[in-house]
């Protein structure tokens, strides 16, 4: 992704975050807005250092939990919490702590599936989170933990070691791609819901 596109995405997500914050001031009981706010915080976390990203993910979880206090059956917020814990786990180098977060993610994905058993996103998330600890281990073996979020380093010239490690590298990109895709879907759904025109009362 080029720098200009990345900058445009940051501006878009920051605007959505500000809109959600303003909506919250006028209507703190809007569960959709809280879910949208949490989703955009997850998106923005990609563009920050690991410590800042973890803090933003924690803040996103707080927004999702607040949405669930208002609407306990809000399956989208439940699914988003699963995504947040998955993202947090991938940013955590300690395997025990990461596994704890993956376990939490699994619980929330299962709860979302229980609420909406036919939702393919929820089912896929539950399926993928079972593979996440292995992807996490592979990613950290390849040095993912030292790379800043939202940036991809230029590849080194091919060598026999690079060819040998291609499978491990693919696992790393599969894991991060899945996390980023899930966050993107959440933000897109939330943004789409925010811009649905309200029909006038009859």
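Placed from the backbone N, Cα and C atoms, the Cβ positions cover glycine too.
The feature N-acetylmethionine is assigned by Swiss-Prot to 1.
Residues annotated as topological domain 'Cytoplasmic' in Swiss-Prot: 1-174.
According to Swiss-Prot, the feature repeat 'TPR 1' maps to 38-74.
With DSSP classes pooled into helix, strand and coil, the tally for the repeat 'TPR 2' (86-119) is 26 helix, 0 strand, 8 coil. The repeat 'TPR 2' annotation in Swiss-Prot covers 86-119.
Look at Swiss-Prot and you will find 146-166 tagged as region 'Disordered'.
According to Swiss-Prot, the feature transmembrane segment maps to 175-192.
According to Swiss-Prot, the topological domain 'Mitochondrial intermembrane' annotation covers 193-202.
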Stretch-averaged pLDDT - the repeat 'TPR 2' (86-119): 96
Residue distribution over DSSP helix, strand and coil in the repeat 'TPR 1' (38-74): 29 helix, 0 strand, 8 coil
